[in-house]
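According to TrEMBL, the S-adenosyl-L-methionine binding site annotation covers Asp37, Glu62, Glu89, Asp112. The substrate binding site annotation in TrEMBL covers Lys116, Asp148.
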Amino acid sequence: MTPERRQPVECEFMPDDYFSRLDPTCLFENDQPLEIDLGCGDGSFLIAMAKQFPDRNFLGVERLLGRVKKVCRKAHNEGLSNCKVLRLESKYVIEWLFPENSIDRLHLLCPDPWPKARHHKNRLVQQGFLQALYKALKPGGEFCFKTDHPEYFEWVAEQMQKFKKFEQLDWPEDAFFYPKTDFQIQWEAEGKVVERARFRKPE
Ligand SMILES: C[S@@+](CC[C@H](N)C(=O)[O-])C[C@H]1O[C@@H](n2cnc3c(N)ncnc32)[C@H](O)[C@@H]1O
C-alpha cells in the first residue's frame, strides 16, 4: 500500500515529482530572480530578505519538519507571496532538483561545521557540491557563505581554490542589506567571530 502523501502547509513548496528537474517558474509562477537559503533554520534571514525585496523570490531549504512549519507560518502571517520553504536535503536540491542556470543567489549561513576529521566527509561544501552549484547558478550568480568555525572557513577557501571556476568578491561589512541569522546572533553573543565569503559564477 502506498503511504498517503502529507499535504503541504501554507507557503510550503512540495514538488510534484522529486525525481525530475523542477521548472523554477512553477515555484512562484513568475520569473523574478530566485535566491535560495540552504538550511534556513528558523527562517529569520529568509523572512527579512523576502520582506525587504518583494521583487525577488526566496526559497528556504530545511530538513527538519518542525522548522519548515515554523518558517512557513511566519511567511504566511507576514503575507509574503515571494517566500516558500522546501523540506529536503540541501545537496540533493542543488544536485538534482534545480536545472542549469536557474538560481540567482545561494546563501549558506552557519551550516553544520562537522568539526571532527572523520566527519569532514559530511560537510556540504565539497567538489561535487561546488560542481552542482556552479551548474545551477545563473551566469553572474552568487554564493554567500558564513560560518563561526574558522577551520570550516579555511576548508571552503581551499575547496574554492581547488575548484577554480568561481571568482571571489569583496564583502565589506554593511555593503548591502544582509540581516544576521539566528545562529550568527547567538554565536556573536558568545563572543565568536562569524566570517563571511562571497563568490560569483563569471558571466
Ligand atoms: C546551524 S543551523 C543554521 C540555521 C540558519 N542558517 C542560521 O544561520 O540561523 C543549520 C540548519 O541547517 C539544517 N540542515 C543541516 N543539514 C541539512 C541538510 N543536509 N539539508 C537541509 N537542511 C539541513 C539544520 O536542520 C539547521 O536548521
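Any Cβ shown, glycine's included, is placed from N, Cα and C.
Remember, it's a predicted structure, so these values are computed and weren't measured experimentally.
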Entries of Asp37, Lys116, Asp148 (binding-site residues) sitting next to ligand 1, with Cβ under 6 Å as the cut-off: none
Recorded S-adenosyl-L-methionine site residues Asp37, Glu62, Glu89, Asp112, farthest C-alpha pair in Å: 14
Where Lys116 (substrate binding site) falls in three-state DSSP terms: coil
Sparsest-packed of the listed binding-site residues (Glu89, Asp148) - C-beta count within 10 angstroms: Glu89
All-chain count of other Cβ atoms within 10 Å of Asp112 (S-adenosyl-L-methionine binding site): 13
C-alpha spacing of Asp148 (substrate binding site) relative to Glu89 (S-adenosyl-L-methionine binding site), in angstrom: 22
Neighbour tally for Lys116 (substrate binding site), based on other Cβ positions within 10 Å of its Cβ: 8
Rounded inter-Cα distance in Å - Glu62 (S-adenosyl-L-methionine binding site), Lys116 (substrate binding site): 23
Residues within 8 Å of the Asp37, Glu62, Glu89, Asp112 Cβ centre (excluding the S-adenosyl-L-methionine site residues themselves): Leu38, Gly39, Cys40, Gly41, Val61, Arg63, Ser90, Pro111
Integer Cα-Cα distance in angstrom, Asp112 (S-adenosyl-L-methionine binding site) to Asp148 (substrate binding site): 10
